[in-house]
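To start, the structure itself, in structure tokens.
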């Protein structure tokens, strides 16, 4: 019960009057003034208690009992009386239990007063310069206070808390409590009220009378928990075991030795490779645990500056043991994180983002590296060793070699650098192919020279280097294998073809493809074991090769995704990369200058007229019909040159088109169009808009490069993502190999090369191709058509059909036709070019005619090599000055040809020192390897002259070996006889050439004085004629000698 102190006028008589009350105090609450109330005083004996009615504010009156008569007497004598209801006082005031409605009204009044006080408090606290309810004050990273708005989520939570607080009832300390005493052995008042309130539910069930056993919960105080933690830490430290504290934030602890003392180490974020502003998340409970942990971490010895270094990350120490400058710590312990500007930082405090990147962490990275190295090395090393391992190599050298091997396999600046990993994935930068090969060679040499005992490391690097050098650049053999194996469907030739396609890929081939290559090789081995040959024959009389009237279906041109709304083909990125074709192998037509200069398409041994002039269309129908007539060429019948055979059967796709009667189909006039690519050789042609390189520009292929239209047609079927690589391969690799006017065989080989890397081009349609058997040229018709008519039509329609020309067993003259031609071959014939005797005669004619020899060498730079047949021709070639004249020309024109001529000059000097023809021939034979090497450096098209020179040099090389054996055995008589016959014949040819020169000189020597004397006698006397003639002859003789000397000096 609360103590009540009040002052009132109390009388001992029965009176009813209004009196003014004083102050009333409840317990320790401040006194409260009382309003005027009616006090009823009853006269009672001194021993009887007195009743008082007290009213507080608007509350119901409360009846208060007073003490006995002695107390009343005292109160009458004192104006103010203090009554305490405790039992220790003389009198007790007992407040009777009010009704329940009164209690509710008391609660309502209290809530109203509390709300009023809260409003007053809020109004008094509100300042015009303060913050709003939806704002808060935060501290920035630089230590500056800043007002920021609260989030909508935070405001929602705040309003929810206020609602819950308002709904809670207010329990006053003076609220009456129900008595727990029973009256007459019955239930107490509190039990009766609780029984009235409780609802028996459900009504239809009988409650169980079984008493439930409730076990007492085992509880431990905070002090007991701390004692338990200390005991566990002490045990784990002794055993060096790991601890994991599970709270709001888990903490993992282990024990390590530093400075001969065992410390506790916490796993912080940067030990896991993470850089965060707060390295360790810890609350109050975690900090308390860390404080306990610090008592058992170390031995309390002072840690001087410089002791804490790499490897101390996460170690827990006491604050007072550190003497170095340090940051603040949220508790008594200090968790070491790192150092920044000579200041240690605790892992639990939050630092700025910039500092988190600059701080030097004290993690032992090397230890972590070797920890992972040892773990994986021991886990994955092989167990099938037949010996017992022991330490026989120097550990330091092992580490150095391991570092070199790591750099060879994984070139990097740091093994933990993610950018170096990206370079290795993309094979770029320091991990590019050439860079790795160069670096690999350097490191291998270092291991060989500095670590001779590590031979196995050198072997591993050798194998690795071999795997990197996996680019297959043997294009010539690839083409020859393709020509031999493609199209032969019998025996092992299909397997040879597929094996060739896999080998050309090199390192880009997958393991599955290599497995397939082994299977193909097995089939080839079986074929070689059981070899069979079948001969089939075909008759030209029964040859029919009709062209299909149905157009070839090209899926690329039918795909809606590659067509615009008008149905035209969309080049996309292919059009952009097609610039590599148009800028290098096409020239721009200027319509302002007219089309006349482009009407005649000149080839080395002929010409063909284009229909480009027909782009100007007249409006007169008669003139227009007259314009649609072509200019026929001389017709050519169906011969063996028109067909291609494979094992006796006709390969119709590689033949000329015929009618049903067997006559050749002659080409008609092909009308021109602008800005189009025309493809399709069967049925109606297809017109594809050229890519928009430059607006309203017309392009025509340069002379010798009309076959570029084939690659441009293949580009239609190439994926956009591969267009760049496709055009680069064509420009840099294939066109440099093909050159001008290549053969159809070379063009077909180039198409197969592209098919290997870009399979989608196999069904690409080709432009129209016309065959001119007279000039042995195949014309690739572009969008400007052909005014010349009467050519044969080649049936080849797709790239796959064109590749059939590469088959080695294909008997065809067409594959040797030029897509154009060469001047040397067309002027002199392939048979003469392939004959060494004809070539050396041609060289002999040019020995004393340097201008003619220079023109011949422009077409055939290998012509001087035929002088190797005769030592006399080499000496004449050297003594005449023609060799020196050609050297001076080719030093600036072609250095590779100049090198060949220098080798010939040195050979001529060696030959001149020997008198015997046989000895001279032996000198020539010993110089053959040098000449062959010099010839290999000369770049030129694979024409008839080049192939003839290759065969000639191969013949000399193969003759030199048995001749050397015969000479050592003494069998030289027959050879001497044949050489002498050849030398006499060639010497006669050289002599006739020299006689011509002498005859011209003699004529000049005789005619000059006669003409001069005649001119002199016309003006002067006859007596002086003979004397003047002698003087003129002498002057002419002197001049001729001076000119010869000057010419020799200039040649030198």
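FYI, residue positions are counted from 1 along the chain as it appears here.
Every residue gets a Cβ built from N, Cα and C, even glycine.
Listed features, source Swiss-Prot:
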| type | residues | note |
| --- | --- | --- |
| DOMAIN | 219-362 | domain 'Peptidase S30' |
| ACT_SITE | 270 | active site, for P1 proteinase activity |
| ACT_SITE | 279 | active site, for P1 proteinase activity |
| ACT_SITE | 313 | active site, for P1 proteinase activity |
| MOTIF | 414-417 | motif 'Involved in interaction with stylet and aphid transmission' |
| DOMAIN | 698-820 | domain 'Peptidase C6' |
| ACT_SITE | 706 | active site, for helper component proteinase activity |
| ACT_SITE | 779 | active site, for helper component proteinase activity |
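Neighbours of residue 779 (active site, for helper component proteinase activity) among the active-site residues 270, 279, 313, 706, defined as a Cα within 10 Å of its Cα, are 706. Within the motif 'Involved in interaction with stylet and aphid transmission' (414-417), the DSSP-based counts of helix, strand and coil residues read 0 helix, 0 strand, 4 coil.
With helix defined as DSSP H, G or I and strand as E or B, the domain 'Peptidase S30' (219-362) counts 43 helix, 36 strand, 65 coil. Taking CA atoms as the reference points, residue 279 (active site, for P1 proteinase activity) and residue 270 (active site, for P1 proteinase activity) are 7 Å apart. Taking each of the active-site residues 270, 279, 779 in turn and counting other Cβ atoms within 10 Å of its Cβ gives the largest count for 279. When the alpha carbons of residue 706 (active site, for helper component proteinase activity) and residue 270 (active site, for P1 proteinase activity) are compared, the span between them is 66 angstrom.
Each residue contributes its Cα atom, and for residue 270 (active site, for P1 proteinase activity) and residue 313 (active site, for P1 proteinase activity) these two points are 9 Å apart. Neighbour count (other Cβ atoms within 10 Å of the Cβ, all protein chains): 24 for residue 706 (active site, for helper component proteinase activity). Under the three-state DSSP scheme, residue 779 (active site, for helper component proteinase activity) falls in the strand class.
Secondary structure at residue 706 (active site, for helper component proteinase activity), as computed by DSSP, is coil. Within the same chain, residues at least 6 positions away in sequence whose Cβ sits under 8 Å from that of residue 313 (active site, for P1 proteinase activity) are 265, 268, 270, 271, 336, 337, 338, 347, 361, 362, 363, 364. Each residue of the domain 'Peptidase C6' (698-820) gets a DSSP state, and the totals for helix, strand and coil are 59 helix, 25 strand, 39 coil.
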